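I have placed the structure first, in the form of structure tokens, so that the comments after it can refer back to it.
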């Protein structure tokens, strides 16, 4: 399993792991060095990595991937409620539930391709969301979201120890999963997922998926049954989403229906395109950028802006605060919109293309990044 | 002819599109190890015939029997796995992938079958398949460019690449739909050489071609299709002498 | 029985609204091959044409604040202040009148959008088109939010259209009670007229016929020496106007806010795809179909059998249609299938 | 504009200003454990976290909440005219900050989504060292954030949340609500409905299909059926349906003579507008004029519904037209600061901030367990709602509520609601056990 990776891939993998593991220190100057956001970086990184296995490799654009994330979350929280606060079973349940759900939806949706496939996945996700919000409230707790309560059975935990007074914490064999330990758990999962994704990208299976994206007809006349390939990719990427969902529950034991809404599915599409479709690292970068903006830009308020521009003369300061105020705080959506437009207009290959261009400018010809890019193929599919 | 060495047997196949009868009661036997050319004017139904053979189109009536197996309800990939490969009129290749990948992919189909979830190994570790692919690329004269993207090739090169993709599968039956159309004279001659070399390896081929130079330098047998019917069949000499053929086809094309 | 007739009526009305929104989307997709996620934003801009026009007409003339009063007293609308009764009447008719403003404004917005942005994305993958138009939709939306706030801004229909029409009387049913709001009937007629006009334009004018030919085969038409690009620009402008007008006329039904376009976006895509990508008549048909089925699914009798069916009916129908008809109701093969 | 630079500078300056020593990750060193309690303020300032919807449907309400918070911080720090500090019966606060520390604040965007709200609350707690979180404009978000704060040992002072669950089945030791709830709306509104519309009415409910909608539907049905009303039907509508016409048409022939809209926000604006369009208010059924009731009102929503809301009955927690000294003082200082009157959301958020600060001052510490003790069972007045009790059993405030009517004779742009009745606290008080739930232990937590 560990054989056959090229030296460049090992370097990429080790570099990636290192960057993830030291991110609490490196991201602190940017205001992102706190556990909740770092956890989100990892979780959405996993979500986007998985989405990219489907979209980046096969070109099938699912517009309902958030449904799997939601199912993973619900399954994980139910595991906390019914069995144990240990995160390992909950993660397993989350992945399994999302995987099963993906088998069903994938089997039906993959009967169509192109935009018809997209709309089918969208329809299933929206149905899941609407039902979770209303009729399925006994399972999902509707708008409030599924939460832990004091009188949950938790049969495994309660078999070994008397329940404490308050709500228990999620844990990994005794280590609390909030704060930095939670981040390192997610980071571990992200690194494993990255490794698996890299294996898939470099494997014959990944090659077949790329070939399907390039010319599905040729694949059929070349003797491949493309349906199981597509379904496998769909289910794998659904399981990644399920893992991401269960990690969300592990670090913060709540599952809300809005995780399944179309906007959430749209978000992962945007993360992937922003980072670079079909590239290995791109989707993780895209996820990071979007989550960073959501959390950091929205937190700016007039007070912080005034502090920021305090060095300017009074009149200028007011103007600067007014201008910047358009883009931060409640205007962070505007910034996001502008960034989407700029990236698509000037960097169609996403952030990874930007990096590649910079590398070229600097005259650095790193083989790995070139291989990375060509593997991704510069053209995102429809 | 005995039925044992009959690779492909097209029996009474008819196909209509709307009111248009593309094939009517076509009977065609392809003998093992031969090069069988199908010629005929535009719109005679040649491509439809090939489409029926690879399962792209289901015939209205009649059957296609390949290697003793009736293909009626077979999916295209199943037919290919039985040993039928096709070169299309407009090249069907993986434009976003390298030439090497283009040729390795069909090799995987031959080795691993229609589906195998092989995410454990790395492509780079498959030395045998890679070597074979490089050999095929040398065969079709594209080894130099093996790392280029297939989409960047000239039309003639794309067609040769597609031929390589079919060859690596070592099919029992290779269908070629106008393999030299739009090629320069030089490319055409290279292609003829390639096909001649293949002939020595004993692969059965069905070839649709307009270029009579190509047809007569390669074919063992020729069938002439006009308006969805086979109007003549025989050795090149017999066909060349057939007055019906002259009337329907050769006459106009040899002007 | 009464209930069913009302729901059919209601479904037609809803369907007209869906069809009108989907029409513009399909027009752009069919001609330019562009998946326009900013279409909802165009609808929203149309609605805000009505809002701005009304705001201009009712520009407050502030009576002086009395001593010791904390907040200014109720302002008098500009038109009323200046022109008395007539002014008040114009204010009253501001929604239909703003159509006159919306047509040139939306046309201009459409042309600028096509020339400035969309044009550069014809050859780009659909994913890029989606991202860039989505980004633009967000930007437009946020700008509107900055100007008008996030709260819905109510617009009223002219007074004579308030209240309901007695449909039962029209149908000669004496003991039935079937009423329907006047403004919704007008919306239905308006939508039908706009849809009819677009079809007539495409089918009966030479200009339109060239565009339609171009939808099928752009290159050939281009070879004939016709500047098809220019016509497509015009078509985009028309699509923007159609979306905008749909928005203007919808304001008395749904008080518009900056987010109203996004709320319609997903729905209109479902309508377009169910109709079949690139088919104008399919979009209209799907609009009516989904509108009527949605109305029926919301009936208490239906909901008591299938709880929650009204929440998912649109998507459920979409799934069923796409699984039984590979390209929607009237889609052509090969459009956006790869 | 160089975001990177700006961003970085912003953080450097801010963390310097706050003196919060959280810049270095505290993974294994467990610096937080060394503290007595979570986010114990160091230096001379204490940080409050204001978590309000800045994007999405409730953005305007959120903006108003934020204004109120900023005003509250000013008053706590001794700037401005002091607002309600002068009328508040507890005189612990002196306008010199809280416990001698200047109040600073950080803000977050809930987007009216549970996940996003918890994310931003976590950010404020973990990174920016907020000692208390407050805000919100929906019950789902309030319950979600309250749960989070309870886990982290941070006090949550709920903003606008009206569901019975917030201080009922989902109540938490660390969560406190000043706003009234659906049960109180029912109790307050019932008698007025009987008085105005009689006791023989047939009601048809349209209910937003989520938890808040259901609790309100239940509360109003209970209250009206006790009066002798009959409930014809209660129909659930999808959240954010936009066009409610298919739900309104069945009302026409149902034989009902009252329509109760258990909707809030945009849904309320839309369903009310459309119900009026369908001629419901001009209708006569069973020999009576058809009526529409909207149990939960807010001035901002009334603005969105325009003329349609005129004459319609509902309830609110507070309205700026109240004439008592406290309300007048608040309206004056808010109005002078911003040029328009505060909404009920702004009022409840302002009051919550003061109540929290006051409890800290009286406790003599920011340690949550002590502050909770001070808030539980706290009896006060002078905040605009008359004598008020923070009940210990469920952390719900008991005070008077207002029955209001959409105003058809506006004196100003903001004069949208007319007070029909001020319902006293005794009428609204209920047994805490009817909604179940458990507060959980009052144990100190160290983040």
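Glycine residues also receive a Cβ, built from the backbone N, Cα and C atoms like all the rest.
Unlike curated entries, TrEMBL annotations are predicted automatically.
According to TrEMBL, the feature transmembrane segment maps to C:16-35 (among others).
According to TrEMBL, the transmembrane segment annotation covers C:42-61 (among others).
TrEMBL lists C:93-113 (among others) with the feature transmembrane segment. Tertiary proximity for the transmembrane segment (C:93-113) is limited to same-chain residues at least six positions away from its ends with a CB under 8 Å from its CB atoms, namely 38, 42, 45-46, 49-50, 52-54, 57-58, 136, 155-158, 233, 236-241, 243-245, 247-249, 251-252.
The transmembrane segment annotation in TrEMBL covers C:160-180 (among others).
Per TrEMBL, transmembrane segment is recorded for C:186-211 (among others).
For the transmembrane segment (C:232-253), same-chain residues at least 6 beyond its ends with a Cβ under 8 Å from one of its own Cβ atoms are 17, 20-21, 23-25, 27-28, 31-32, 36, 39, 42-51, 95-96, 98-99, 102-103, 105-107, 109-111, 113-115, 118-119, 155-157, 183-184, 186-187, 190-191, 194, 198, 201, 211, 214, 260. Taken from TrEMBL, the feature transmembrane segment covers C:232-253 (among others).
Proximity of distant same-chain residues to the transmembrane segment (C:265-293), defined by a Cβ-Cβ separation under 8 Å and at least 6 residues beyond the stretch ends, is recorded for 7-8, 11-23, 25-27, 29-30, 37, 39-40, 137, 195, 198-199, 202, 215, 313-315, 317-318, 321-322, 325, 327-332, 335-336. According to TrEMBL, the feature transmembrane segment maps to C:265-293 (among others).
If you look up TrEMBL, you'll see C:305-325 (among others) marked as transmembrane segment.
Listed as Cβ neighbours of the transmembrane segment (C:16-35) (distance under 8 Å, sequence separation of 6 or more from its ends, same chain) are residues 42-43, 114, 118, 121-122, 126, 129-130, 133, 187-188, 191-192, 194-195, 198, 211, 214-215, 232, 235-236, 238-240, 242-243, 245-246, 250, 264, 267-269, 271-272, 275, 277-280, 282-284, 286-288, 290-291, 336. Taking Cβ pairs closer than 8 Å, the transmembrane segment (C:42-61) reaches residues 21, 24, 75-81, 87, 90-91, 94-95, 97-98, 101-102, 105-106, 109-110, 140-141, 144, 148, 153, 155, 239-240, 243-248, 250-251, 256, 258-261, 264 in its own chain, all 6 or more past its ends.
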